[in-house]
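Enquirer: Provided herewith is a single structure, encoded as structure tokens, for subsequent inquiry.
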Amino acid sequence: MSEGLLNGLYIIPILAVLIVIHEIGHFASARAVGVTVEEFGIGIPPRIKGWTRNGVIWSLNAIPFGGFVRVLGEDGKSMDPGSMNTKRPLQRAFFLVAGSAMNLLLALVLMMLVVGVQGLPFDHVYIDEIVPASPAAEAGWRQGDRIVEMGGASIEDRDEVSRIARDFAGRPMSVVVERDGALLETSVVPRENPPANQGPTGVGTQPVSRADLSVDTVTGSAKAAGLAPGDRLVSVAGRDVTDQYVVTHGLETAGGFFRGYASAAVPVRVQRGGETRELTLAVPARLFAPSALAVAGLDARIDPIFEQVPAAQVIPRGFSEAWQQMSAMLAGLRDLVTGQQPLSGVAGPIGMGQITSEVIGESVLPLWVTLAQISILLSLNLAVLNLLPLPALDGGRLLFVVIEILRGGRRIAPEREGVVHFAGLVILLGFMFVVAFLDVGRLLDGRSFLP
């Protein structure tokens, strides 16, 4: 079994844990308001095994991507004292939001754990693509520029670029970029209604964590240039090495990847045993190559640099990081609804497995940190998506409770509500089928999910 497939299988226990945590929220809230819990199920039926304890059926079911809490009265018929039907609207609302609340709490706890133990990376954001005739092109931005400041705010995260650009839509915005080690002040007017998939400024960005890079293995040109395993890269093509992008972009640019693919000699400074050495690395001409590092015969070890967060700041910084991820997710959901984000950007369980495999394969972080980050993102997604006001979801059921409150306590007939939720379930299953079809097609075509 390949390493990529094994990495992708991590998604199964991750989703199982997140769903169980979600259902624990429903279970605990039902007990808190006096509702009788009939069954707590892990997975989706058919049932594999079940046992009864304290009046509750505990079941393991065949399909691992799911879970449920079945309570008395959810069919709208029973009026026993322990039935959900006999509870006040606010009690039913509490039951419905409790699952998402548990997912949100889990994401916050995991984020605080990562922030407190691992720290936070120093992120650099580079311009990786520029749309012709876009505001970015008119401002003179270039591929490889690092965005240092926008609208007076320092840029440490890719999502800040989109958020600040949207805030300045239609107004001039000052932007400081770093190019070849020099800071340049520019001005750009982000578009209010940009074309699909272009964004307000018309750039594609690439976030790269600040890191120390050292030589791991050398072959070909790198070996001929005198590079040796253990050398720490200090500068490439005259630019100080602060992250991986500086190295790859320096080799690509100086090596002619963007200028007719001509061979070139690239100056490289390394540190070896406390001594600095000046070397010249010949980058051969290659029309097709996986990366400039591979062409140069160089494999680098990346050691990310993390900011250690003081104990007193772990909770507020954890909240801040979680909120940034939540904001980015909501922005992505908005773009999907408005058509700016294609449906191919949505992932089902199969796509989640592919994303997990690719993220683990590319990550230079400890495995537990990478898995925690994936869990945080998915837990936040589960919390938000379940509260969307769509039939069959917790949010759809919550909408009926809100309507009941607005109608002065007059509840819509359970039979009618059940029909709406059933129709919503059919549509939801159809949507999941389409997403699964796209996920499988992406895998068969060998396309990556990550940008």
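Here the Cβ of each residue, glycine as well, is placed from N, Cα and C on the backbone.
When I checked TrEMBL for this same protein, it listed these features:
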- 195-208: compositional bias 'Polar residues' (COMPBIAS)
- 107-157: domain 'PDZ' (DOMAIN)
- 189-208: region 'Disordered' (REGION)
- 7-28: transmembrane segment (TRANSMEM)
- 55-73: transmembrane segment (TRANSMEM)
- 94-117: transmembrane segment (TRANSMEM)
- 365-388: transmembrane segment (TRANSMEM)
- 419-438: transmembrane segment (TRANSMEM)
Enquirer: Taking residues 6+ outside the transmembrane segment (419-438), which of them lie with a CB under 8 Å of any CB in it?
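Expert: For the transmembrane segment (419-438), the sequence-distant neighbours (Cβ-Cβ under 8 Å, at least 6 residues beyond its ends) are 343-344, 346-351, 390-393, 396-397.
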Enquirer: Roughly where does the domain 'PDZ' (107-157) sit in mean pLDDT, to the nearest integer?
Expert: 91
Enquirer: Pairs of Cβ atoms less than 8 Å apart decide it: which stretch in 7-28, 55-73, 94-117 has the most with the transmembrane segment (365-388)?
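Expert: Against the transmembrane segment (365-388), the leading stretch is 94-117.
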Enquirer: Helix, strand, coil: count each for the residues of the compositional bias 'Polar residues' (195-208), based on DSSP.
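Expert: Its residues divide into 0 helix, 6 strand, 8 coil.
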